[in-house]
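What TrEMBL annotates here:
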REGION    159-179  region 'Disordered'
TRANSMEM  217-238  transmembrane segment
TRANSMEM  258-277  transmembrane segment
TRANSMEM  298-318  transmembrane segment
TRANSMEM  324-341  transmembrane segment
TRANSMEM  362-379  transmembrane segment
TRANSMEM  385-403  transmembrane segment
TRANSMEM  415-434  transmembrane segment
TRANSMEM  446-465  transmembrane segment
TRANSMEM  472-491  transmembrane segment
TRANSMEM  503-528  transmembrane segment
Amino acid sequence: MDHGENPVSIELQEYAEPVPQLLKLISSNEVAGFDSIMQEGETPVFPNPTNSSQPNGHQRKISISISMPSSPTGATSAGTKNVLFVQDNAKGFKNGVPESCVGSKAKPKGVKFLSQPMPKGSVFGEGANMNQNPNVKKFKDKRFDSFKTWSGKLERQLTNLRGRQQESESEDDSVRPSENEALPVDRYFDALEGPELETLRASEEIVLPDDKTWPFLLRYPISSFGICLGVSSQAIMWKTLATATSTNFLHISLTVNLILWWISVALVGIVASIYLTKVVLYFEAVRREYYHPIRVNFFFAPWISLLFLAIGVPPSVASSLPVALWYVLMTPFLCLELKIYGQWMSGGQRRLSKVANPSNHLSVVGNFVGALLGASMGLKEGPIFFFAVGLAHYTVLFVTLYQRLPTNETLPKELHPVFFLFVAAPSVASMAWANIQGSFDYGSRIAYFIALFLYFSLAVRINFFRGFKFSLAWWAYTFPMTGAAIATMRYSSAVTNVVTQTLSVILSVVATLTVTALLVTTILHAFVQRDLFPNDIAIAISDRKPKSHRRWFNLIRHGSSEHNADIDTFLKFANGDTKDIEAGLKISSAEAK
C-alpha cells in the first residue's frame, strides 16, 4: 500500500452495491504492525464478532485507524489525529474506549502510531489551485518589499492569518537586498547619466521590475512640491497687486488673494500628505531621493512653500504673524544648508563643480525668502544672516553654472524650463534687501536689474522652450516669473511711471496665464492621461555594479547601433570562460574608441 495515501483497514463480506475501486480490501490483522495501535511489549489480538447494528451484508473489523491530513500551519506528526472505530462490546474496550485508558484522562504512554500523514496540499486540490490564482501571486509579490518601511511584515502576518504556510525567514533575507546602509554617491554617478541623473546607463540594472507600473507612492517624487511653489507665489502676487501704490489704478480686490491663498493651503496640504504617506510606507525610496545628489535640492521646496504661505496670508486671515513662526520655518533651512553647503565646500563626489545644476538655486532662494519674511516681521539680525549666506553661495553657484565647466553636461530640452530658476534668487533678493533697508535702494535695484536681464535673455529664446514633452519640470517657469513680476511692482512703487506700471501689468498677466495653463495641463496628465508620474528609475538603481557577463543583454535591450561591435565580440567569446568574455568586451570598447 502506498504511504502517501490514507491507510484504511476494512473487511467487506457482502454488500448489495459494488464496492468502489478506491477502497482496497486489506485487513489490519493480516499485515503485522501496520496501521494499528499497540502497546510497548504487547500485541493485542481482537476477536471478529459481528455488529448487529450494521446491515446484513456489511461487517467490519474492530480496529480502523485513519490518519488525518497534516495541519496547514506545518504541525508535526505529534498533532496527527487518529480515530478508532470499534464494536461496542469488543474485548479490551469499554464503550469504545480501551480499558487501559478508563479512569485516566491522559493518553497512555508508549503508544506508537505507525500510519503516515497525508502530504500537504493534497486535500481538495489545495496546493495546485493556490499557485494558479493570480490574486495570490499578486499578494505574494515581494519585488517591492525592499522599499517598504516594514519590508512586507504586514503581508506575512495577513498570510498567516489566512492559514497559509509562510516561507522561511532565511529565504526572505536572501531575496531582500540590504536596507540598512544608504547608497554611496558614487553609485548614482556610475548607474545614472544626464544632467539630472535621471537616466539609467545601458550597463546597469534596477532592483524594481521595469516591465510594469510601480505603486503610485514609489512614482511620486519630491519635485511635486514645485506645483505648490507656483500656486502659492500667485497668492503673494495678487496681494501685492491689491496693495501696491503703483497698481492702485487696477482696483484689484483682496478677495482674489484670499481665494488663491486657500487654494494654496489646500494644495500644500494634499501634496504634503501624499509625500508623508510615502515617508511612512516607502521610507527607503525617500532616503534614496535624499541621498541623490540632485534630488536633495528639492527638499527645500516644502519649506519654501510654507514661507510663501506666510508671506501671502490675507489681511482678513491674520494681520500679523508671531515671530516664533519665522524661527520654526527657518530651522530646517539651516540644517539642510549645513549639509549641502558643507558638501560643496569639502569636495569629493558632491562638490559643486560635480553636481552643479539649476535646481541648486532652490537651496539658495530659500535664504532670501526667509530674509524677506523675517524683515517684514520686524526682525533684523536673523534676516541679515540668511541674506548674507544666500548672497555668498548664490555668487559661487551663478559663476559655476554660467561658465558651464567641462565636467557639466548640457541640459536636455525637457529640462530647459529650470533655467528660469536663475531669475528667482535675484528677484527675491531685491525685495528682501528692500525690507531690510526699509526702501528700494541701490542695492535692491542692482539685484532687480540682474533678475530682469536674465528674464528677458531667456524669454527671447523662443526655440529654447519648444519641442519637448510636458513634465513636472515645467513648474520651474512659475514662481521665478511670479517673483520677477512682484519685484517689478516693488520697483514701480519706488520709480513710478508709465513704463514701470505697464511692465508690472505685463509680467503679472504672463505669470498668471503660465500658472493657469500649467495647472490645467497637470490635472489632465494626472487624472485623464495618467502619465504625469512615470516609474522613478533614479531611486531604483542597484547597490552594486552588475556582473560583466550581463552587459551584452543590456546592450541588446537598448538596441543602439554603436554597441554592435560589443555584441559581436561577446558572441565570439560566448563559449569561453568569464575572463575571455570580459577581455572581449574590453577589446571591442578599445576598438570603438
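Glycine residues also receive a Cβ, built from the backbone N, Cα and C atoms like all the rest.
A Cβ distance under 8 Å defines the sequence-distant neighbours of the transmembrane segment (217-238), meaning residues of its chain 6+ beyond its ends; these are 144, 147, 208, 252, 256-257, 260-261, 263-264, 267-268, 271-272, 274-275, 277-278, 281-282, 285-286, 289, 295, 298-299, 301-302, 304-305, 308-309, 311-312, 472-473, 475-479, 482-483, 485-486, 508, 511-512, 515, 518-519, 522, 533-536, 539. Highest Cβ contact count with the transmembrane segment (362-379) among the listed stretches 258-277, 324-341, 385-403, 415-434, 472-491 falls to 385-403 (criterion: pairs under 8 Å). If one looks beyond the transmembrane segment (258-277) by at least 6 residues along the same chain, the residues whose Cβ comes under 8 Å of a Cβ in the stretch are 217, 220, 222, 224-225, 227-228, 231-232, 234-235, 238-239, 286, 302, 305-306, 308-309, 312-314, 316-317.
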